[in-house]
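Everything below concerns the one structure shown next.
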Amino acid sequence: MYRLAAFDMDGTLLMRDHKIGSITLNALHQLADAGVTLTFATGRHYLDMKGILSHSGLNGYLITGNGTRVCDAEGNPLYGMDLPAELVEFVLRTPWQTNASIHLFRDDGWFTDRNDPDLLIAHTTSGFHFQLTEWDELPLTGNHKFCFIVSHQELVELKAQLEQQMSGEADFCFSATDCLEVLPRGCNKGVALEKLSHHLDLTLADCMAFGDAMNDKEMLSRVGRGLVMGNALPQLKQELPQLQIIGRCEQQGVAHYLHHWLSSPHLTYSPEF
C-alpha cells in the first residue's frame, strides 16, 4: 500500500481547459479518503497552485517551481532552493541569441519584461498573472527559477548556449516542448519529494507518482511506483522504458488508474488508450 501519491499538473491532471476533470477529482477524493497523502508536484508557482486547489476543493502538500519550494497543506514552507545571485545577474545581463521570452519566479510572483497575454490562458482558474518589470528593478537574491519560452528547436539551441556558458552551475529541463527551465543545481521534483517524504517519516518507496514531461523524470524514476502518462513526451518514455504507461490526460487516465488501484490493487492494470 502506497502512502503518498504525487501528481504533476499540466498534461497529467489538468486537461486542455486547464482544469481537473470531474472523474479525476472524484478519484483524488477517494484516494485521500483511503488515507493516501496527496501531493501536487508542478512547475507552477505556489500562488497559482493555491488558486487551482481552492477552486477544485482539494488540499495537499505542494512541490512547486519544479522542486524549488515545498510547502505543507497550510502553506508553511518546508524546503526551498534559490538560484545563486551571480547566476541570476549573468542570465539577465547576457544578450542570448534567441527570440525566447524570459520569465523569473520569486515568492512574490512571476516577472517578465515582455507582455504576452496568451500566456495567461493557462492560469484563468487561479487568476495568477505575470508582473511586467525592468530586470534591474528586481533583487538578485530570492529567485527560484528562470523559464525561457519559444519554439522547441530554438530552445534546444538556447539550451546548448546556456550549458556552455554556465558550466554546471545550474540544471535545465523541458517542462513542455516550448518551455525551458533553469533551476538551482541539484533541484528537481525527485529531490523535493525525498525531502517531503523524510518530513512525513516516509521513504520514496512508499510513494507513487504520475507525470508526462522531462521535469518529472527524477520523481518518476525514484518512487516505489512511477506512472507515465500516455501523452508523455517521447523522450520521457524513451528514458524510462521500465515504467508503466497509463491512459492519456484528456481521457482522465490518472482517474482510470486510481479507480483500478483502489478497487483491485492485486490485479494487473491495463490502460485504455
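Numbers here mean position along the shown chain, with the first residue as 1.
Here the Cβ of each residue, glycine as well, is placed from N, Cα and C on the backbone.
Annotated in Swiss-Prot:
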| type | residues | note |
| --- | --- | --- |
| ACT_SITE | ASP8 | active site, nucleophile |
| BINDING | ASP8, ASP10, ASP212 | Mg(2+) binding site |
- Secondary structure of ASP212 (Mg(2+) binding site) (DSSP, helix/strand/coil): coil
- Length of the line joining the Cα atoms of ASP212 (Mg(2+) binding site) and ASP8 (active site, nucleophile), in Å: 8
- Query: Given the recorded positions ASP8, ASP10, ASP212, and counting only Cβ atoms in the protein chains shown, which has the most within 10 Å of its Cβ?
  - Reply: ASP8
- Message: Take the mean position of the Cβ atoms of ASP8, ASP10, ASP212, the recorded Mg(2+) site. Which other residues of that chain put their Cβ within 8 Å of it?
- Response: MET9, GLY11, THR12, LEU13, LEU14, THR42, GLY211, ALA213, ASP216, MET229, CYS249
- Message: Helix, strand or coil for the residue listed as 'active site, nucleophile'? Use DSSP.
- Response: coil
